[in-house]
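*Asks:* I am attaching a structure below and will ask some questions about it afterwards.
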(Lines of atoms letter the chains of each structure in order from A; the text may use other names.)
(Lines give C-alpha, C1' and ligand atoms only; values in the text may rest on other atoms or scores of the structure.)
Protein backbone atom coordinates (compact mmCIF):
# COMPACT_ATOMS: atom_id res chain seq x y z
CA UNK A 1 0.00 0.00 0.00
CA UNK A 2 2.81 2.41 0.91
CA UNK A 3 4.53 1.69 -2.40
CA UNK A 4 1.32 2.39 -4.33
CA UNK A 5 0.80 5.62 -2.38
CA UNK A 6 4.35 6.71 -3.18
CA UNK A 7 3.80 6.01 -6.88
CA UNK A 8 0.54 7.94 -6.84
CA UNK A 9 2.31 10.84 -5.14
CA UNK A 10 5.04 10.82 -7.80
CA UNK A 11 2.41 10.79 -10.56
CA UNK A 12 0.63 13.72 -8.92
CA UNK A 13 3.85 15.76 -8.72
CA UNK A 14 4.69 14.96 -12.35
CA UNK A 15 1.22 16.07 -13.44
CA UNK A 16 1.55 19.35 -11.55
CA UNK A 17 4.97 20.04 -13.08
CA UNK A 18 3.68 19.29 -16.62
CA UNK A 19 0.58 21.45 -16.18
CA UNK A 20 2.71 24.27 -14.77
CA UNK A 21 5.21 24.15 -17.64
CA UNK A 22 2.41 24.25 -20.24
CA UNK A 23 0.81 27.19 -18.45
CA UNK A 24 4.09 29.12 -18.37
CA UNK A 25 4.76 28.60 -22.08
CA UNK A 26 1.28 29.85 -23.06
CA UNK A 27 1.65 32.88 -20.79
CA UNK A 28 5.02 34.17 -22.02
CA UNK A 29 4.15 33.77 -25.72
CA UNK A 30 1.08 35.97 -25.32
CA UNK A 31 2.60 38.71 -23.16
CA UNK A 32 6.26 39.17 -24.15
CA UNK A 33 6.06 42.56 -25.96
CA UNK A 34 4.62 44.13 -22.81
CA UNK A 35 7.44 42.53 -20.82
CA UNK A 36 10.02 44.32 -23.00
CA UNK A 37 8.23 47.66 -22.48
CA UNK A 38 7.95 47.11 -18.73
CA UNK A 39 11.68 46.36 -18.37
CA UNK A 40 12.66 49.49 -20.28
CA UNK A 41 10.35 51.66 -18.16
CA UNK A 42 11.71 50.11 -14.96
CA UNK A 43 15.34 51.07 -15.63
CA UNK A 44 14.64 54.55 -17.00
CA UNK A 45 15.42 56.95 -14.15
CA UNK A 46 15.30 60.23 -16.07
CA UNK A 47 19.00 60.88 -15.55
CA UNK A 48 21.48 58.50 -17.22
CA UNK A 49 19.90 55.72 -19.24
CA UNK A 50 20.83 53.51 -22.17
CA UNK A 51 17.19 53.18 -23.24
CA UNK A 52 15.05 55.83 -24.98
CA UNK A 53 12.38 57.79 -23.10
CA UNK A 54 8.82 56.69 -23.85
CA UNK A 55 5.67 58.67 -23.06
CA UNK A 56 3.42 55.71 -22.28
CA UNK A 57 2.87 52.04 -23.06
CA UNK A 58 1.31 52.43 -26.56
CA UNK A 59 4.05 54.90 -27.54
CA UNK A 60 6.74 52.49 -26.31
CA UNK A 61 5.27 49.55 -28.24
CA UNK A 62 4.98 51.62 -31.43
CA UNK A 63 8.45 53.18 -31.09
CA UNK A 64 10.19 49.84 -30.46
CA UNK A 65 8.33 48.14 -33.32
CA UNK A 66 9.16 51.01 -35.70
CA UNK A 67 12.85 51.42 -34.83
CA UNK A 68 13.78 47.82 -33.93
CA UNK A 69 11.14 45.71 -35.66
CA UNK A 70 9.91 42.29 -34.58
CA UNK A 71 13.31 41.46 -33.12
CA UNK A 72 13.10 44.43 -30.75
CA UNK A 73 9.56 43.79 -29.57
CA UNK A 74 10.47 40.15 -28.88
CA UNK A 75 13.97 40.81 -27.50
CA UNK A 76 14.89 38.22 -24.89
CA UNK A 77 12.09 35.89 -25.95
CA UNK A 78 14.15 32.70 -25.77
CA UNK A 79 15.30 33.17 -22.13
CA UNK A 80 11.78 34.37 -21.29
CA UNK A 81 10.27 31.12 -22.64
CA UNK A 82 12.99 29.04 -21.04
CA UNK A 83 12.78 30.81 -17.69
CA UNK A 84 8.99 30.94 -17.55
CA UNK A 85 8.53 27.30 -18.52
CA UNK A 86 11.14 26.13 -16.01
CA UNK A 87 9.86 28.51 -13.32
CA UNK A 88 6.22 27.53 -13.58
CA UNK A 89 7.03 23.85 -13.86
CA UNK A 90 9.32 23.95 -10.80
CA UNK A 91 6.98 26.27 -8.91
CA UNK A 92 3.92 24.07 -9.22
CA UNK A 93 6.04 21.00 -8.52
CA UNK A 94 7.64 22.44 -5.35
CA UNK A 95 4.34 24.01 -4.27
CA UNK A 96 2.46 20.73 -4.67
CA UNK A 97 5.19 18.82 -2.85
CA UNK A 98 5.21 21.31 0.06
CA UNK A 99 1.41 21.14 0.36
CA UNK A 100 1.53 17.34 0.46
CA UNK A 101 4.10 17.47 3.25
CA UNK A 102 2.08 19.96 5.29
CA UNK A 103 -1.12 17.94 4.72
CA UNK A 104 0.20 14.96 6.69
CA UNK A 105 -2.07 14.45 9.70
CA UNK A 106 -4.30 17.34 8.55
CA UNK A 107 -7.59 17.37 6.68
CA UNK A 108 -6.91 20.69 4.94
CA UNK A 109 -4.33 23.46 4.91
CA UNK A 110 -4.74 26.77 6.70
CA UNK A 111 -3.96 30.06 4.89
CA UNK A 112 -0.67 30.19 6.81
CA UNK A 113 0.41 26.79 5.47
CA UNK A 114 -0.60 27.76 1.93
CA UNK A 115 1.62 30.83 2.42
CA UNK A 116 4.52 28.70 3.67
CA UNK A 117 4.15 26.27 0.75
CA UNK A 118 4.18 29.10 -1.80
CA UNK A 119 7.12 30.86 -0.11
CA UNK A 120 9.17 27.66 -0.06
CA UNK A 121 8.49 27.03 -3.75
CA UNK A 122 9.32 30.61 -4.65
CA UNK A 123 12.69 30.57 -2.90
CA UNK A 124 13.78 27.37 -4.63
CA UNK A 125 12.72 28.66 -8.04
CA UNK A 126 14.63 31.93 -7.54
CA UNK A 127 17.93 30.16 -6.93
CA UNK A 128 17.43 27.98 -10.01
CA UNK A 129 16.42 30.67 -12.52
CA UNK A 130 18.16 33.97 -11.64
CA UNK A 131 20.84 33.64 -14.39
CA UNK A 132 18.12 33.18 -17.03
CA UNK A 133 16.23 36.30 -15.89
CA UNK A 134 19.43 38.35 -15.82
CA UNK A 135 20.19 37.47 -19.44
CA UNK A 136 16.58 38.21 -20.42
CA UNK A 137 16.80 41.68 -18.85
CA UNK A 138 20.11 42.44 -20.58
CA UNK A 139 18.74 41.39 -24.00
CA UNK A 140 15.54 43.41 -23.54
CA UNK A 141 17.53 46.56 -22.76
CA UNK A 142 19.65 46.33 -25.92
CA UNK A 143 18.97 49.02 -28.50
CA UNK A 144 20.24 49.38 -32.10
CA UNK A 145 23.01 51.77 -30.98
CA UNK A 146 24.26 49.39 -28.27
CA UNK A 147 28.04 49.12 -28.05
CA UNK A 148 29.20 45.46 -28.26
CA UNK A 149 25.69 43.95 -28.16
CA UNK A 150 25.02 40.40 -27.08
CA UNK A 151 24.33 38.05 -29.97
CA UNK A 152 21.62 35.96 -28.34
CA UNK A 153 21.19 34.01 -25.12
CA UNK A 154 24.29 31.81 -25.21
CA UNK A 155 26.57 34.63 -26.32
CA UNK A 156 25.23 36.76 -23.46
CA UNK A 157 25.96 34.01 -20.94
CA UNK A 158 29.51 33.53 -22.23
CA UNK A 159 30.19 37.28 -22.33
CA UNK A 160 28.84 37.91 -18.84
CA UNK A 161 30.92 35.09 -17.36
CA UNK A 162 34.03 36.24 -19.26
CA UNK A 163 33.73 39.96 -18.49
CA UNK A 164 32.05 39.96 -15.07
CA UNK A 165 32.53 36.48 -13.64
CA UNK A 166 30.09 33.84 -12.38
CA UNK A 167 28.84 36.04 -9.55
CA UNK A 168 27.34 38.47 -12.08
CA UNK A 169 24.77 35.83 -13.05
CA UNK A 170 23.26 36.26 -9.59
CA UNK A 171 22.92 40.04 -9.65
CA UNK A 172 19.47 40.96 -8.40
CA UNK A 173 19.09 37.66 -6.56
CA UNK A 174 18.15 39.24 -3.24
CA UNK A 175 15.27 41.42 -4.52
CA UNK A 176 14.40 38.55 -6.87
CA UNK A 177 14.21 36.20 -3.89
CA UNK A 178 11.99 38.58 -1.94
CA UNK A 179 9.88 39.12 -5.05
CA UNK A 180 9.47 35.43 -5.83
CA UNK A 181 8.71 34.44 -2.25
CA UNK A 182 6.31 37.27 -1.41
CA UNK A 183 4.67 37.56 -4.84
CA UNK A 184 4.07 33.85 -5.22
CA UNK A 185 2.98 33.48 -1.62
CA UNK A 186 0.44 36.30 -1.89
CA UNK A 187 -0.81 35.18 -5.29
CA UNK A 188 -1.23 31.50 -4.46
CA UNK A 189 -2.68 32.13 -1.02
CA UNK A 190 -5.20 34.54 -2.51
CA UNK A 191 -5.94 32.06 -5.33
CA UNK A 192 -6.51 29.15 -2.95
CA UNK A 193 -8.71 31.19 -0.60
CA UNK A 194 -10.75 32.76 -3.43
CA UNK A 195 -11.10 29.28 -4.96
CA UNK A 196 -12.42 27.82 -1.70
CA UNK A 197 -15.00 30.60 -1.44
CA UNK A 198 -16.09 30.18 -5.07
CA UNK A 199 -16.33 26.38 -4.79
CA UNK A 200 -18.37 26.75 -1.59
CA UNK A 201 -20.78 29.20 -3.23
CA UNK A 202 -21.19 27.02 -6.32
CA UNK A 203 -21.62 23.88 -4.22
CA UNK A 204 -24.59 25.49 -2.47
CA UNK A 205 -26.24 26.09 -5.84
CA UNK A 206 -25.41 22.62 -7.20
CA UNK A 207 -27.81 19.75 -6.56
CA UNK A 208 -25.14 17.05 -6.84
CA UNK A 209 -23.50 16.56 -3.40
CA UNK A 210 -20.64 14.52 -4.97
CA UNK A 211 -19.59 17.29 -7.37
CA UNK A 212 -15.87 18.12 -7.19
CA UNK A 213 -14.16 21.47 -7.73
CA UNK A 214 -13.39 20.40 -11.32
CA UNK A 215 -17.12 19.84 -11.89
CA UNK A 216 -18.15 23.15 -10.31
CA UNK A 217 -15.62 25.54 -11.85
CA UNK A 218 -15.17 26.46 -15.51
CA UNK A 219 -12.58 28.42 -17.47
CA UNK A 220 -14.25 31.77 -16.73
CA UNK A 221 -13.98 31.01 -13.00
CA UNK A 222 -10.30 30.09 -13.33
CA UNK A 223 -9.64 33.30 -15.31
CA UNK A 224 -11.34 35.42 -12.64
CA UNK A 225 -9.47 33.69 -9.83
CA UNK A 226 -6.14 34.07 -11.64
CA UNK A 227 -6.67 37.78 -12.39
CA UNK A 228 -7.84 38.77 -8.91
CA UNK A 229 -5.05 36.91 -7.11
CA UNK A 230 -2.45 38.39 -9.49
CA UNK A 231 -3.68 41.94 -8.91
CA UNK A 232 -3.28 41.54 -5.14
CA UNK A 233 0.29 40.28 -5.62
CA UNK A 234 1.36 42.97 -8.11
CA UNK A 235 0.28 45.92 -6.00
CA UNK A 236 2.24 44.74 -2.97
CA UNK A 237 5.46 43.47 -4.56
CA UNK A 238 6.15 45.62 -7.64
CA UNK A 239 9.02 47.72 -6.12
CA UNK A 240 11.11 44.53 -5.87
CA UNK A 241 10.87 44.16 -9.66
CA UNK A 242 12.16 47.67 -10.24
CA UNK A 243 15.11 47.14 -7.88
CA UNK A 244 16.00 43.84 -9.54
CA UNK A 245 15.84 45.22 -13.10
CA UNK A 246 18.04 48.18 -12.20
CA UNK A 247 20.62 45.91 -10.60
CA UNK A 248 20.69 43.60 -13.62
CA UNK A 249 21.59 46.30 -16.16
CA UNK A 250 24.78 45.80 -18.11
CA UNK A 251 27.75 47.74 -16.66
CA UNK A 252 29.21 50.67 -18.59
CA UNK A 253 31.98 50.12 -21.14
CA UNK A 254 34.47 50.76 -18.33
CA UNK A 255 32.95 47.88 -16.33
CA UNK A 256 31.36 50.10 -13.65
CA UNK A 257 27.81 49.00 -12.70
CA UNK A 258 25.04 51.61 -12.57
CA UNK A 259 24.08 50.48 -9.05
CA UNK A 260 26.25 48.68 -6.52
CA UNK A 261 23.60 46.81 -4.51
CA UNK A 262 19.90 46.78 -3.62
CA UNK A 263 20.23 49.45 -0.94
CA UNK A 264 22.00 51.74 -3.43
CA UNK A 265 19.05 51.34 -5.83
CA UNK A 266 16.54 52.10 -3.08
CA UNK A 267 18.40 55.23 -1.92
CA UNK A 268 18.97 56.62 -5.41
CA UNK A 269 15.43 55.90 -6.58
CA UNK A 270 13.84 57.41 -3.47
CA UNK A 271 16.10 60.47 -3.64
CA UNK A 272 15.64 61.37 -7.31
CA UNK A 273 12.27 59.86 -8.22
CA UNK A 274 10.29 59.35 -5.03
CA UNK A 275 7.58 56.71 -4.67
CA UNK A 276 6.75 56.98 -8.36
CA UNK A 277 10.17 55.58 -9.25
CA UNK A 278 9.40 52.28 -7.53
CA UNK A 279 6.30 51.85 -9.70
CA UNK A 280 7.76 52.71 -13.11
CA UNK A 281 6.36 50.36 -15.73
CA UNK A 282 3.46 49.15 -13.61
CA UNK A 283 0.92 49.82 -16.39
CA UNK A 284 2.47 47.43 -18.95
CA UNK A 285 3.15 45.08 -16.05
CA UNK A 286 -0.54 44.92 -15.17
CA UNK A 287 -1.58 44.70 -18.82
CA UNK A 288 0.88 41.81 -19.19
CA UNK A 289 0.32 39.91 -15.98
CA UNK A 290 -3.38 40.13 -15.16
CA UNK A 291 -4.58 38.59 -18.48
CA UNK A 292 -1.53 36.30 -18.41
CA UNK A 293 -2.45 35.04 -14.95
CA UNK A 294 -5.93 34.24 -16.23
CA UNK A 295 -4.46 32.27 -19.14
CA UNK A 296 -1.97 30.54 -16.85
CA UNK A 297 -4.57 29.23 -14.44
CA UNK A 298 -7.03 28.28 -17.20
CA UNK A 299 -4.30 26.18 -18.86
CA UNK A 300 -2.98 24.82 -15.55
CA UNK A 301 -6.33 23.71 -14.13
CA UNK A 302 -7.57 22.24 -17.41
CA UNK A 303 -4.32 20.39 -18.18
CA UNK A 304 -4.22 19.10 -14.60
CA UNK A 305 -7.85 17.90 -14.81
CA UNK A 306 -7.10 16.22 -18.15
CA UNK A 307 -4.03 14.43 -16.76
CA UNK A 308 -5.94 13.25 -13.68
CA UNK A 309 -8.80 12.01 -15.86
CA UNK A 310 -6.45 10.08 -18.14
CA UNK A 311 -4.69 8.55 -15.09
CA UNK A 312 -8.04 7.38 -13.65
CA UNK A 313 -9.05 5.87 -17.01
CA UNK A 314 -5.69 4.12 -17.30
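Residue numbering: from 1, along the chain as shown.
Keep in mind that glycine also has a Cβ here, set from the backbone N, Cα and C atoms.
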*Asks:* In TrEMBL, one of 76-96, 97-117, 118-138 is tagged transmembrane segment. Which stretch would that be?
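*Replies:* The listed stretch tagged transmembrane segment in TrEMBL is 76-96.
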*Asks:* Considering every residue in the repeat 'Solcar' (11-101), what is the mean pLDDT value?
*Replies:* 84
